[in-house]
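Comments concern the structure below.
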């Protein structure tokens, strides 16, 4: 009798060992099956399904979208691409002059209406929200893009984070996002109800890999984005019965002023590419296969997200250590650049 036969005979004679082996085999089959289904869903979402038709969100029917952080980068692209789809745009951002230029560009290119609201999200000022409320009064709004956000100027230990930077990040990323949503969402619900649910509403909020993965040296920013994950999922549960889809959009690096990256690459899209992938796949999960009301839309980011979730895990010590080492290195290089600039400036004065 071979050793394998002896092992099988031993297991068969021991009920506990038999059931343990059976359970292990069934569990293994279950895990393999669920992984295969998630991977298949990832491929279908990313590469097979057609782009979402925005007529379901009221495009080309005289409806409006509100876009925050609209003057530059990703926010500007959201405004342009939503206007191209036939939505009039309320542009919300800090710099009036930039908003005016963008409003002119949108109106001339896409023949839709625009409104502008100069809004400093770093100041939790009641006047800001009253002005926004006045601007959208009686408008048939179907879409809100919560794009306004701020990160650290450079990676920094939490205990060394300046109080102003800490307050600004929380105020902009969290307080302003929630309060703007409280102002705009009732208008979206009213528009959906008025249409007798012939159109749906949509609220997209920008998340980040920094919130997906706890990120040392960006602790405040990381926490602020993780908060938006839980908030968006909870809000999705509340508003879905009212005909409003709520989704957190997760991105890795995108070329922008905030990321300080200028050149796009295979894994780093420009704002136009990123927003196009987002609007084309609203309602799908792409890389966020295990998360409710969450989408990682850009294909390279989606594959990275899926790989991390299904290997080491986002909350693992391995992921945390890799993040720690990466951002510590970025901080070291940034401090050297600051030191060099300061030295050159001092030499010029002399």
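Here the Cβ of each residue, glycine as well, is placed from N, Cα and C on the backbone.
Source: prediction; values computed, not measured.
Marked as transmembrane segment by Swiss-Prot: 20-40. Non-local neighbours of the transmembrane segment (20-40) in the same chain are 11, 289-290, 306, 310; each lies 6+ residues outside the stretch with a CB under 8 Å from one of its CB atoms.
DSSP classifies residue 254 (NADP(+) binding site) as coil under the three-state reduction. Annotation comment: Swiss-Prot describes 66, 120, 147, 221, 225, 254, 256 as NADP(+) binding site.
Annotation source Swiss-Prot lists active site, proton donor at 221, citing similarity to another entry. Summarising the environment of residue 221 (NADP(+) binding site), the number of other Cβ atoms within 10 Å of its Cβ, over all protein chains shown, is 26.
Marked as active site, lowers pKa of active site Tyr by Swiss-Prot on the basis of similarity to another entry: 225. With a 10 A radius on its CB, residue 225 (NADP(+) binding site) counts 27 other CB atoms from all the protein chains.
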Lowest local Cβ density (other Cβ within 10 Å) among binding-site residues: 147, 256: 256
Sparsest-packed of the listed binding-site residues (66, 120, 254) - C-beta count within 10 angstroms: 120
Span of the NADP(+) site, taken as the largest CA to CA distance across 66, 120, 147, 221, 225, 254, 256 (Å, rounded to a whole number): 24
DSSP three-state assignment (helix, strand or coil) for residue 66 (NADP(+) binding site): strand
